[in-house]
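Everything below concerns the one structure shown next.
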Amino acid sequence: MKCVRCKGKGIIYLKRHNAAFCQDCFLYYYNNQVKKNIKKHRMFDKKDKILVVISGGKDSMALWHILAKEGYNVTGMYINLGIGQYSDKSQQVVESFAQKNGLELIVKDIKKEYGLDIYKLSKLLKRSTCSVCGSIKRYLFNKIAYDGGFSAVATGHNLDDEAATLLGNVLSWEEGYLARQSPVLESIHPKLVKKVKPLYTLTERENLFYVLINKIEFLHDECPHAVGARSIMYKDVLNRLEEESPGTKQRFITSFLEKGRKHFQDVYEKVELKECSICGQVTTTDVCSFCRFVRLSNQNTEN
Ligand code: Q46
Ligand code: ZN
């Protein structure tokens, strides 16, 4: 197996590109993909302040590392969601990386700062833990970015994540989600900050390789609630397709973005947006779900 670029010894083979790379040329390829994605979708430039969402997993750590290395103005944001040992361990990994590399980091703890407990809320609301957790995260990503004057919120979503989400949304024709699925989601309200996914063409395996080569510490464990999630089943199905027909995931995403997404564009733009009567953040109801969660948690501690 020879490196396609320098003809040296290849150490990673990327089936969908029918190409092997040595370590240095893999880093060159990885860098190029990220740069190309940022430029192609006009995600941000060096003057912008970027808030990078960090979970402590390989994807977000890779994103944080590469953006900082390339000289972007990045600040990490870690949210402690109160998921037992998983949250404690991930916070340690993230804080130690920020400290060692002199990077800015914002840490929020939903229990300490807002009195929120995703388990209690999920019971009270009869909603899944992930649905409560997801609402809280989305709210805080935007609020912290907006309050801090950031131009974009960047997440480490990779090609496997994007293809699995797309498959799930297509299977039930979730028009609203399909309308929002994009490597760049422009703001449609002055209080909504743009969302970007610079790693959307890179796979989980490529991100893993990137963090290993760069000796970046990351949390190997997945969130315990991810186990059994539908997205994992979709990823398995897509991996089987990819095995038989390399490039399937990338084609699925690229053709959706080029030909499919436009059919859902107006669904996204036509959503009626309001400002929450309590916190002023953007919502579709009078009081946003985050403020409802806080109110419910307070009532429950009082009773
Ligand atoms: S952190 Fe939260 Fe995820 Fe864990 S509880 Fe579910 S949504 S799985 S990305
Ligand atoms: Zn609110």
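Any Cβ shown, glycine's included, is placed from N, Cα and C.
The feature Zn(2+) 1 binding site is assigned by TrEMBL to CYS3, CYS6, CYS22, CYS25. Residues annotated as Zn(2+) 2 binding site in TrEMBL: CYS276, CYS279, CYS288, CYS291. For 2-27, the entry in TrEMBL reads domain '2-thiouridine synthetase TtuA-like N-terminal LIM'. Feature annotation from TrEMBL assigns domain 'tRNA(Ile)-lysidine/2-thiocytidine synthase N-terminal' to 49-222.
Cβ crowding, taken as the number of other Cβ atoms within 10 Å, peaks at CYS288 among the binding-site residues CYS3, CYS22, CYS25, CYS288, CYS291.
Looking at CYS288 (Zn(2+) 2 binding site) and CYS3 (Zn(2+) 1 binding site), their Cα atoms lie 52 Å from each other.
If one looks beyond the domain '2-thiouridine synthetase TtuA-like N-terminal LIM' (2-27) by at least 6 residues along the same chain, the residues whose Cβ comes under 8 Å of a Cβ in the stretch are 206, 209-210, 213, 242, 246-247, 249-250. Rounded to a whole number, the distance between the Cα atoms of CYS6 (Zn(2+) 1 binding site) and CYS276 (Zn(2+) 2 binding site) is 56 Å. Around CYS6 (Zn(2+) 1 binding site), a 10 Å sphere centred on its CB holds 13 further CB atoms from the protein chains shown.
For the pair CYS6 (Zn(2+) 1 binding site) and CYS291 (Zn(2+) 2 binding site), the Cα-Cα distance reads 56 Å.
Here the C-alpha separation of CYS22 (Zn(2+) 1 binding site) and CYS279 (Zn(2+) 2 binding site) works out to 51 Å. By neighbour count, meaning other C-beta atoms within 10 Å, the densest spot among the binding-site residues CYS276, CYS279 is CYS276. In this structure the alpha carbons, written CA, of CYS291 (Zn(2+) 2 binding site) and CYS25 (Zn(2+) 1 binding site) are 49 Å apart. Residues from the binding-site residues list (CYS3, CYS6, CYS22, CYS25, CYS276, CYS288) with a C-beta closer than 6 Å to any atom of ligand 2: CYS276, CYS288.
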